Amino acid sequence: MTDQLTITRPDDWHLHLRDGAAMASVVPHSAAQFARALVMPNLKPPVTTAAQAAAYRDRILAAVPPGLSFQPLMSLYLTDMLPPEEIARAREAGVVAVKLYPAGATTNSDAGVTDIRKTYKTLEAMQRAGLLLLVHGEVVDPAVDVFDREAVFIDRHLIPLRRDFPELKIVVEHITTREAAQYVRDADAHTAATITAHHLLYNRNAIFTGGIRPHYYCLPVLKRETHRLALVEAATSGSASFFLGTDSAPHPAVLKEHALGCAGCYTALTAMELYAEAFDSAGALDKLEGFASFHGPDFYGLPRNTGTLTLEKQAWLLPESLPFGEAQLKPLRGGETLQWRLAA
Ligand SMILES: NC(=O)N[C@@H](CC(=O)O)C(=O)O
Ligand SMILES: [Zn+2]
Ligand SMILES: [Zn+2]
């Protein structure tokens, strides 16, 4: 039995850090786990200019504890009105990607895209400049069942987008279905997907076990077991099209334990422990390094990290609650035992 695993230092290709005091509470967690993270732009108001992205990066860097190296990679928030000229400025400022949220699909997506055709000039500029398009792939059509929104997005929007921009690199973020895993597996080398730890570990029963459990509620929502198994197969397949993105999405506990609870699971504190558990359960610990440390930078055209991270198989109790600015944050699995732990 493997009880220790050393891999090249990993990166998180999908992370929410928020801002202000809340951000300062969570940045150290990611910096302890990952060398780099692709930071999502869904602040209030969203990060829509190169200058805002650069200023946000500086605020994140100021929250990195001394002695840790952590590089935030920045993204812009796509709106119907993001001017194509901003793409060149974004590239100059070191922004690597632009995020497409269908308006109304998820947390802080009100300013998102109402009709993808309105963004075509900007997508053309991105294709020319080599910026990646990151997609929250769910339709917002209220007639579509919440569990089908990802699969329908692929047919209605992703397939046409892929056809119209063959050279644009697209990451389908936080995939949750067999349909998405198959689509990405069969797509060409310009298409990839991130997979979260919670979608590898849980199916939708987790939201309803013994009562409603808001800390398991995220978007896209957890799906049935067949989909979880398809995601595990994709993540552990060794395919370079799948890589690590936690979608760690902190919200104050009071706003999740609420009549209108926020979507998002907080996993950054124990991200690699959770992924190790998922890969271990699948008997695929040997595939974790490619997924966590190689496929992401290779797809983004960035160098792989140097340095290593070591995980040990050792049971420990995760605290139930953490400080989050002035509020409290309940990490996924808080108050429960984890099987893996980062080596000191
Ligand atoms: N995943 C989530 O449930 N929530 C994310 C937004 C997102 O990634 O869709 C958030 O910002 O809270
Ligand atoms: Zn999303
Ligand atoms: Zn997200």
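Placement of Cβ uses the backbone N, Cα and C atoms for every residue, glycine included.
Together with Lys99, His174, TrEMBL lists one candidate of His136, His157, His215 for binding Zn(2+) 2, that being His136. Among Asp188, Asp247, Asp280, Asp286, the residue that TrEMBL places alongside His14, His16, Lys99 at the Zn(2+) 1 binding site is Asp247.
Residues His16, Leu17, Arg18, Asn42, His136, Leu219, His251 are given by TrEMBL as substrate binders; from Ala54, Ala206, Ala263, that same site also lists Ala263. Residue environment of Asp247 (Zn(2+) 1 binding site) contains 26 other Cβ atoms, counted within 10 Å of its Cβ in all protein chains. Taking the Cα atom of each, Leu219 (substrate binding site) and His174 (Zn(2+) 2 binding site) are about 9 angstrom apart. Of all the binding-site residues in the list Lys99, His174, Asp247, the shortest Cα-Cα distance to Arg18 (substrate binding site) is found for Asp247. Cβ crowding, taken as the number of other Cβ atoms within 10 Å, peaks at Leu17 among the binding-site residues Leu17, Leu219, Ala263. Each residue in the domain 'Amidohydrolase-related' (12-318) has a pLDDT score, and their mean in this model is 98.
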